[in-house]
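**Student:** Pulled these features from TrEMBL for this protein:
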BINDING   Asn9, Trp10, Lys11, Gly177, Ser217, Gly238, Gly239  substrate binding site
ACT_SITE  His99  active site, electrophile
ACT_SITE  Glu171  active site, proton acceptor
Amino acid sequence: MRQNLVAGNWKMNMTYQDGLALVSEITNMVADEVTNSDVQIVICPPAPFLSAIGRQLPQGSNFHLGAQNCHQKESGAYTGEVSAKMLASVGCEYVILGHSERRQYFREDDELLSQKLKAALAAGLKPIFCVGESLDTREMNETNDYIGKQLQNGLFHLSNEEFEQVVIAYEPIWAIGTGKTATSQQAQEVHAFIREQIARAYDAKAALDTTILYGGSANAQNARELFSQPDVDGGLIGGASLKSRDFTEIIKSF
Ligand code: PEP
């Protein structure tokens with residue numbers, strides 16, 4: 001179901017104590033607004049804090065717990081890894097997959113991401129599947145081709161029922177952590193393109209029903225303008241999700 005959604009990706013930041021304090025500030029600061037609105041908020045802390053942060057989120061509210069990654073296998077001899085089933089067992093509802101940092105630093109390709117998607121869905125998690133182009137690709141006018149392939153090869157193998165569970169995040173690599181945000185027009189163009197591709201791969205209803213987030217230096221100043229675009233349903237937020245005031249301003253930007 002298409003929703004207004006803001007997800008905070010903490011990446012490898014925060015200590016356990018800082019994380020608990022941040023979540024308590026966020027939930028206190030937006031308690032009333034969130035109860036009276038339909039915005040969904042997903043907090044994605046580092047894996048060791050998931051269980052404790054999950055317990056701190058108001059139960060039965062618009063706050064949800066998400067992980068930043070999962071392994072493609074259900075269990076086994078994979079030292080240091082965390083399975084989707086484990087994430088679900090500590091209360092995760094979402095998992096970020098295909099983030100450009102994982103694609104770049106951990107060489108996650110379409111084939112591996114396809115397996116991770118299947119594992120996440122089998123465990124009942126909703127994947128937040130990231131796509132996005134580099135600056136070179138944009139400057140060569142190949143953004144749509146590139147994103148079309150990421151969708152085709154990484155995501156569109158899912159059945160209709162599986163695809164219904166997926167949130168897509170458009171994250172231009174050149175905008176992530178750089179302070180350079182895509183203009184709202186650039187974001188809208190790519191989001192509309194993604195919706196067209198969904199309509200081709202599935203159908204018009206699937207295209208209309210899919211939640212598509214923008215990510216890349218979104219902040220308290222630019223969120224309102226970005227979220228006002230017809231095909232932008234919210235944001236995947238990195239740096240600004242680490243500051244309670246900024247993150248709560250973004251939550252209030254619909
Ligand atoms: C991200 O990592 O998903 C992200 C969008 O980061 P930032 O907001 O810091 O650009």
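Each residue, glycine too, has its Cβ placed from N, Cα and C.
Please situate the listed features within the shown structure.
**Tutor:** Gly238 (substrate binding site) is surrounded by 23 other CB atoms, counting those within 10 A of its CB over all protein chains shown.
Under DSSP, His99 (active site, electrophile) is assigned to coil, being neither helix nor strand in the three-state scheme. Sequence-distant neighbours of His99 (active site, electrophile): residues of the same chain at least 6 apart with a C-beta under 8 Å from its C-beta are Asn9, Gln68, Asn69, Cys130, Glu171.
For the recorded site, Glu171 (active site, proton acceptor), the DSSP three-state label reads coil.
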